[in-house]
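*Asks:* Take a look at this one; I'll ask things after.
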Amino acid sequence: MALRTVTRKIGSKLLPRFSPASLLHSHATSFGFKEVREEEKSQMVGNVFSNVASNYDTMNDLMSVGLHRLWKDRLVSKLNPFPGMNHLDVAGGTGDVAFRILDSINSIKRRALLNVLEDDFQEETKVYVCDINLNMLNVGKKRAMQRGLGEDKSLLWVEGDAEALSFGDNTMDGYTIAFGIRNVTHIENALSEAYRVLKRGGRFLCLELSHVEVPVFKDFYDFYSFSIIPTLGELVAGDRESYQYLVESIRRFPPQETFASMIADAGFQKVEYENLVGGVVAIHSGLKI
């Protein structure tokens, strides 16, 4: 693992500044390796996740050999959840990150032996799971029921767009997005919305598939990504095209340094990122001051 802190100074050019317009025409965006009109991308991405929703968790286990569970654990440990927090997990439809946050908070409560009634504690903490895809949210709700969280008042499910959140300004203590931000049409808008809804002192954390830096490992990773993952999608989920898009979307996502620069441009301070498995995934973080 490598942890890197991004230092931004006025007038400094320590990091390249990223503009989607530098990659595509202003009225176009990428859908994997394809160039599509902006108004088409949301629907196309929505179709992908509607197709993969029922097999999403199974495919995550297969594609990452179960490592996605450890990556999400690391994300939540960096968040450092606390009782009574308002937290927003965006693109979190299946509930994986939200469940971990609640488990962490409940563990803190048990250790601290807080002198409050369980009902009062549950009312105090709010973890919002926001996803633009209703099928993904429905999978998450079913999983919550299976975990005994179906009636948990601290867990709320919201259908919403990362680029136009329905939450008020300065209302959240934390914001997470795992494997979701590369699928939005305008990444800079999603980052701006994250900054808007966070309180001062609130933390932004993003877990995303990223870019491998080690040459030999990169060759193997490229082979695995483009040859194995779509084949797994076809065999397990009966859907090669959706997983071909997912692989291509990773390659179109900005490199770690560039994405860190975008987070800083959105207003966040103390921006840093941590590479996991040689850059297969990265966790970026920032603080609203």
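Backbone N, Cα and C define each Cβ position, glycine as well.
These came from TrEMBL, pasted as-is:
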- Thr94, Asp131, Asp161, Ala162: S-adenosyl-L-methionine binding site (BINDING)
*Asks:* Tally every other Cβ atom lying within 10 Å of the Cβ atom of Asp161 (S-adenosyl-L-methionine binding site).
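*Replies:* There are 17 of them.
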*Asks:* Within its own chain, what residues at least 6 apart in sequence put their Cβ under 8 Å from the Cβ of Ala162 (S-adenosyl-L-methionine binding site), listed in sequence order?
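*Replies:* In sequence order, Val90, Ala91, Cys130, Ile132, Ile177, Gly180, Ile181, Val184, Asn189, Ala190, Glu193 meet the Cβ cut-off.
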